[in-house]
Amino acid sequence: MPKRLDINTILVIGSGPIVIGQAAEFDYSGTQACQSLKEEGYKVILVNSNPATIMTDTATADKVYIEPLTLEFVSRIIRKERPDAILPTLGGQTGLNMAVELAKSGVLEECGVEILGTKLSAIEQAEDRDLFRTLMQELNEPTPPSEIIHNLDEAYGFVNEIGYPVIVRPAFTLGGTGGGICHNEEELIEIVTSGLKHSPVTQCLLEKSIAGCKEIEYEVMRDSNDNAIVVCNMENIDPVGVHTGDSIVVAPSQTLSDREYQMLRNTSLRIIRALGIEGGCNVQLALDPYSFQYYVIEVNPRVSRSSALASKATGYPIAKLAAKIAVGLTLDEIVNPVTQKTYACFEPALDYVVSKIPRWPFDKFESANRTLGTQMKATGEVMSIGRNLEESLLKAVRSLELGIYHLELDHLKELDKETMKKRIIKADDERLFIVAEAIRQGVTKEEINEWCEMDFFFLQKVENIVNMEREVKANVGNMEVLQTAKEMGFSDHYIAAAWNKTEREIYDMRKGNNMTPVFKMVDTCAAEFESATPYYYSTYADENESIVTDRKSVVVLGSGPIRIGQGVEFDYATVHSVWAIKEAGYEAIIINNNPETVSTDFSISDKLYFEPLTIEDVMHIIDLEKPEGVIVQFGGQTAINLAAKLEEHGVKILGTSLEDLDRAEDRDKFEAALTKLGIPQPVGKTATTVEQAVAIAEEIGYPVLVRPSYVLGGRAMEIVYRQEELLHYMKNAVKVHADHPVLIDRYMVGKEIEVDAISDGENVFIPGIMEHIERAGVHSGDSIGVYPPQSLSEKLKEQIIEHTIALGKGLNIVGLLNIQFVVFKDQVYVIEVNPRASRTVPFLSKITGVPMANVATKVILGQDLVEQGYGTGYHPEEKEVYVKAPVFSFAKLRSVDTTLGPEMKSTGEVMGKDLTLEKALYKGLVASGINIPTHGSVIITVADKDKEEAMEIAKRFHEIGYNLLATAGTAQSLAEQNIPVQVVNKIDSEDYNLLDIIRQGKAQFVINTLTKGKQPARDGFRIRRESVENGVACLTSLDTTRAILRVLESMTFSAHSMKEITQTKRHEVVHA
């Protein structure tokens, strides 16, 4: 059936900011879909609130709206643009929920807009737990015994009948938000209450736990002619009970018999047909390991995280084809873009094994509960490809960016058998490492299987790795053993430690013995047809399939998995750099290992290597390709950290030289450079021992800002107010020694300014200056950023521009640089300089129209700024006001403190733009998920240091009609200022107290600042967590509170009696 000609304009709904459960995979799928629809000649309009994505580039669609994904704003765009149809199935859960809201509000009917891809009825049947269960019963497909509940009493009724454990699955939520497994009444009350709150339709499914079954996923496609295929099936190494986004997954499935595979395949195809889905769909199934009994867990009637993984695992571009199917094309009409010979109706075949391991944020949030369950906690993931499962798993382990090179963690060696048993039964992020450790200590596979029901096949593979470790240690220098270890995926790093050599010595030993990997192609058809895609993975085998051309090439290092501090912004910069390399006439080669991103789409670069970003894996590619050089500026800290080792191997680092990178990152060298340039910075020194740190802090004077050198996202950064806190930090947060010094700075409470610039060594061009709403001390990634600056005098702006130009030239920067300044007592100080792409590059590129990563790449390749039409100086400011607001995923991470500080906590960002700061702020805050009601109650509990400042804020809330609630201490201060306030009980009171008010939704905002010294923070911590669990905006910075007040004041009219007005006027005259 040819494509539809009765529709011309299609509105694509994006997925909004990156949160846990919805990451960069939707930038990849959304970008693919928009391009796919444009190829077919449709006019594409995109709405998305996330400025950090390729998807929101103006070239991706015919019209791009970066606006909040709320009913109010999307309806407005629909009424203005009058599209013929909307495509919501590529915007994750956000897109689906938006489609349902739009349909229910009547705006689609009013404007005659059709939903493409998955019909509304199918979305509701798949997402509404009750309708889905009914459909499964009609199809005779087994689901676990379950009950739909809308309150706690109904939950009790089900549990009394069926017994514990039970699984709670809220309807219409993302990444299992609010759900979990309940083993007793206490957990039932907590999880059901949370689930009902998070479900937009106040509905949960309670089902008998089938934890322990194998969890299998099928990624299926169907078109309007009822052709349906399986693109990929995947198996979770973790049995049912751990969210699939938190599971280690392999593709294709490894432990199914042909009968089991076909049985589950038929079920998946029967379900997609019954739902009438046109496009992609993900079916999750549970299989009893001891019989042919299976259960349908759930269906995602959209492109999902698993479809991004399946696309990268097979090379079959699901989102691209789903978009074509949505407009009427059928699988037998669409050519497979990989082979360019076969059609899309051929099911992909794999002759390799793919492993995906999630990347969790527990290195950032040490206090978080690390236990894994049905609510997702990972921020991102890595994928690797190998010829056997051992190789594939070990490659994935070293891709995680945790400084791990093998399935082994030193701190687990101390664990006794009982502790290991507990942690294997109750899964956490280190379970696979603990399984390996247990096998090393002699625990049998049978015992481990009894503890966690992980399949014997997977346990055998881990045992194979452990046995090989013993072989390696027993045969130092043996080349045959080395060959076998390399075929199994062992790293040079591991072997070097076992043989008491350096990694370089092992590398040289292998090269001397011709023991190097070859590169195989990912071709969707197990080499049955010739493939046209340059998409490769390494393995130790015979034939190399990566053909080196005679064109000059440049390698770009990607940024690895999405994690807090290094998000999709770096992928954005990587992709733009690759495009610029191609424009400059070079062959662009990319190395990365993140299956969710646009950069690992094989159509982006000339060659894609899906490999770990370690020196060994990168050098294999460089040895083969012999590029002109490597660009490290766009891959965040991941790539920068490889620069020194690459140079040791004789590889040319393009752009800012290694020496100059080091000058910006090394404290003492940086200080010397600033002194030479005459640029002031806060007083600070470097400590390499605890005693030194104490002495420096005494000399500088508290409060001080402490942090390790060479970090991204403010890892382990803290503001310390007294000596015992400093000692606690030195003991717990960092391991200080000569190679890992700790930086100690005077903490200045001033306005923070951020600048991104491009330098070619001679000229320094500044596209934009951003002002942070929160004072210095809150990490720049967690601050609300405003462009152009709203409160900087021209004199200060000139100072900032002068300092930026001097730093660009003085540090010999070639490419991008990011500088953070603090304005303190009308003086500009430099806090830090990052000689690389920063997380504000996409935001500023979109606002100013300067394609920063593109321009910087061309500068790196030798085309100076003047040649490109830019000179030294500041780009003219835009008329509109733009706000970048952070988005957090606290609802997914229990027991993480929400207080903002120098360590970054946000997972994503949104943009708000309008003619005034207030309107732009309103859009930014609403897009980030903060509800802004114009009246209600605000709870104020602030630290003594903030009381004076909080008075002015409280007064302004009162003036716009808000009711103020406070505990005794704060209430007294308010009463003394004649501000009406209602006293509420502290949280340790047995009577109705502050937490009850939050739980019952009687407060719209909670203002809670941290007491100096962090110890009495436990009360504050409970208040902040309770706010998050109940969806109440909790403001831990008075600057953010002021920003919200500006918005509220602009939306509401203050009401003053005439007498008040005349008194104010008389007052003004007296002062005249």
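Cβ coordinates are placed from backbone N, Cα and C, and glycine is handled just like the others.
Small disclaimer: the values here were computed from a predicted structure and weren't measured.
Swiss-Prot annotations:
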type    : residues                                                               : note
BINDING : R129, R169, G175, G176, K208, I210, E215, G241, V242, H243, Q284, E298 : ATP 1 binding site
DOMAIN  : 133-327                                                                : domain 'ATP-grasp 1'
BINDING : Q284, E298                                                             : Mn(2+) 1 binding site
BINDING : Q284, E298                                                             : Mg(2+) 1 binding site
BINDING : E298, N300                                                             : Mn(2+) 2 binding site
BINDING : E298, N300                                                             : Mg(2+) 2 binding site
REGION  : 402-546                                                                : region 'Oligomerization domain'
REGION  : 547-929                                                                : region 'Carbamoyl phosphate synthetic domain'
DOMAIN  : 671-861                                                                : domain 'ATP-grasp 2'
BINDING : R707, R746, E752, G777, V778, H779, S780, Q820, E832                   : ATP 2 binding site
BINDING : Q820, E832                                                             : Mg(2+) 3 binding site
BINDING : Q820, E832                                                             : Mn(2+) 3 binding site
BINDING : E832, N834                                                             : Mg(2+) 4 binding site
BINDING : E832, N834                                                             : Mn(2+) 4 binding site
REGION  : 930-1072                                                               : region 'Allosteric domain'
DOMAIN  : 930-1072                                                               : domain 'MGS-like'
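Overlay of Swiss-Prot annotations on the structure.
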| residue | record | DSSP class |
| --- | --- | --- |
| R129 | ATP 1 binding site | helix |
| K208 | ATP 1 binding site | strand |
| Q284 | ATP 1 binding site | strand |
| N300 | Mn(2+) 2 binding site | strand |
| R707 | ATP 2 binding site | strand |
| E752 | ATP 2 binding site | strand |
| V778 | ATP 2 binding site | coil |
| Q820 | Mg(2+) 3 binding site | strand |
| E832 | ATP 2 binding site | strand |
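DSSP classifies E215 (ATP 1 binding site) as strand under the three-state reduction. Among R707, R746, E752, G777, V778, H779, S780, Q820, E832, the residues given in the record as binding ATP 2, the maximal Cα to Cα distance rounds to 18 Å. Secondary structure of the domain 'MGS-like' (930-1072) per DSSP, as helix, strand and coil residue counts: 72 helix, 20 strand, 51 coil. On its own chain, E298 (Mn(2+) 1 binding site) has A126, F132, R169, Q284 as residues at least 6 apart in sequence with a Cβ closer than 8 Å to its own Cβ. Reduced to three states, the DSSP call for V242 (ATP 1 binding site) is coil. When Cα-Cα distances from N300 (Mn(2+) 2 binding site) are compared across the binding-site residues R129, E215, V242, Q820, the shortest belongs to R129. The highest number of surrounding Cβ atoms within 10 Å, among the binding-site residues S780, N834, is found at S780. The Cα of V778 (ATP 2 binding site) lies closest to that of N834, out of the binding-site residues R129, E215, V242, N834. Across the region 'Oligomerization domain' (402-546), DSSP classifies residues as 76 helix, 11 strand, 58 coil. Cβ crowding, taken as the number of other Cβ atoms within 10 Å, peaks at R129 among the binding-site residues R129, K208, R707. The Cβ of E832 has fewer other Cβ atoms within 10 Å than any other of the binding-site residues E215, E752, E832. R707 (ATP 2 binding site) and R129 (ATP 1 binding site) have their C-alpha atoms 48 Å apart, to the nearest angstrom. With a cut-off of 8 Å between CB atoms and residues at least 6 apart in sequence, the same chain places E215, N236, L372, G373, T374, A427 near V242 (ATP 1 binding site), listed in sequence order. The subset of binding-site residues (R129, K208, Q820, N834) lying with their Cα within 10 Å of the Cα of S780 (ATP 2 binding site) consists of Q820, given in sequence order. The binding-site residues Q284, N300, V778 differ in how many other CB atoms lie within 10 Å of their CB, and the one with the most is V778. Every protein chain considered, the tally of other Cβ atoms within 10 Å of the Cβ of Q820 (Mg(2+) 3 binding site) stands at 19. Put simply, of the binding-site residues R129, K208, Q820, N834, the one whose Cα is nearest the Cα of E752 (ATP 2 binding site) is Q820.
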